[in-house]
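As given in TrEMBL:
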{"type": "ACT_SITE", "residues": "D164", "note": "active site, proton acceptor"}
{"type": "BINDING", "residues": "P112, L113, G114, A115, G116, L117, G118, S119, S120, A121, A122", "note": "ATP binding site"}
{"type": "DOMAIN", "residues": "3-37", "note": "domain 'Galactokinase N-terminal'"}
{"type": "DOMAIN", "residues": "84-172", "note": "domain 'GHMP kinase N-terminal'"}
{"type": "DOMAIN", "residues": "251-310", "note": "domain 'GHMP kinase C-terminal'"}
Amino acid sequence: MTVSSAPGKVYLFGEHAVVYGEPAIPCAIERRATVSAEARDDDRVRVTAPDLSLDGFTVEYGGDGGGRPDVNVAKGLVEAGIGYVDAAVEQARDALDRPNAGFDVTVESDIPLGAGLGSSAAVVVAGIDAATRELGHPLDAAELADRAYRAEHEVQDGQASRADTFCCAMGGAVRVEGDDCRRIETPNLPFVVGFDGGAGDTGKLVAGVRELREEYGFAAETVENIGDLVRRGEEILADADPGDDPTADLLSELGLLMDFDHGLLEALGVSSRTLDNMVWAAREAGAHGAKLTGAGGGGCIVALDATRETETALRYTAECEDVFRAELAHDGVRVEE
Ligand code: PMV
């Protein structure tokens, strides 16, 4: 049996605009999805994923019963995350030219699902890594990131950038612009995450922004403005000392851009009342800046605050179900002993 894990992420800046070729800066965080894969003698796949649904369940398919899960049957499963596991297994089979490889797969995750922290990307990255290693042929990180992107792209009907999957595979902070993906250095950014207990529908939210952008010139400009603020954020990060604790000035400058980014995302219709309320609670508690992270619609916000004030304030905010500090995860995908 092989066990791999991959981190979730927050977006410092640039979600949604990244879909249209603008740059984005996601940062991996120390909340991980762990996938174990054990090769089987037959060509079936058995997935146990207690953390991918409220109830937890096991699903088995393949072999004589047919190939991949039936689309209708799979609809609920796709929503619950099994679709990502299936897509990961397909990528592993394809990469190693082993179309009939069967696996027992178990998924565990401490990343809230569909909440903007890259839960699906982490499952896909760790799944491909565990399955290919189990067959004795680990992929290098670049191929892993590329295959994970293809898997997400398939499950999300073509609506995915490379940002989440690249970040989960590589760890640290990364910069993604179209196909150009690389790691960047940052100081130790003091992220605080607030979670409203809900989730957003990434496909719907991305499609909503696409429609607005096609219909209204100012929505297209809003997307470009997000790109501009990401470029400004990059310059600020490039001047900072990597690995150090950030200065108050640096946090204020980054925080201002995060606030700006949240405003632009709200204008694009992807925020929600619960996200806005958490963002305001964080700002009023003295956070340097706060914004939604990921697709939006519900889920998580990320704030910058080195003190405990934001955490405490969010803990007492009605809309906030969970709050935690999120350390930058320096390791991307890795094998767990
Ligand atoms: O909510 P998440 O973690 O799946 O992030 C989605 C980010 C988007 O920019 C909205 C879509 C994408 O694929 O980049």
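The backbone N, Cα and C atoms fix where each Cβ goes, and this holds for glycine too.
Curation does not apply to TrEMBL; its annotations are automatic.
Keep in mind that what you see is a predicted model, and the values were worked out from it rather than measured.
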Shell of the ATP site beyond P112, L113, G114, A115, G116, L117, G118, S119, S120, A121, A122, same chain only (C-beta within 8 angstroms of their C-beta centre):
G8, I111, G294, G299
Just counting, how many other CB atoms are there within 10 A of the CB of P112 (ATP binding site)?
22
Rounded to a whole angstrom, what is the C-alpha distance between G114 (ATP binding site) and D164 (active site, proton acceptor)?
12
Among the binding-site residues P112, G114, G116, which have a Cβ atom lying under 6 Å from any atom of ligand 1?
G116
Kindly report the helix/strand/coil residue split of the domain 'GHMP kinase C-terminal' (251-310) according to DSSP, in that order.
31 helix, 9 strand, 20 coil
Rounded to the nearest angstrom, how far is the Cα of D164 (active site, proton acceptor) from the Cα of P112 (ATP binding site)?
15
Based on DSSP, tally up the residues of the domain 'Galactokinase N-terminal' (3-37) by helix, strand and coil.
4 helix, 25 strand, 6 coil
Could you tell me the mean pLDDT the prediction assigns to the domain 'GHMP kinase C-terminal' (251-310)?
97
Could you tell me which three-state DSSP class G116 (ATP binding site) falls into?
coil
So if I draw a 10 Å sphere around the Cβ of A122 (ATP binding site), how many other Cβ atoms end up inside it?
34
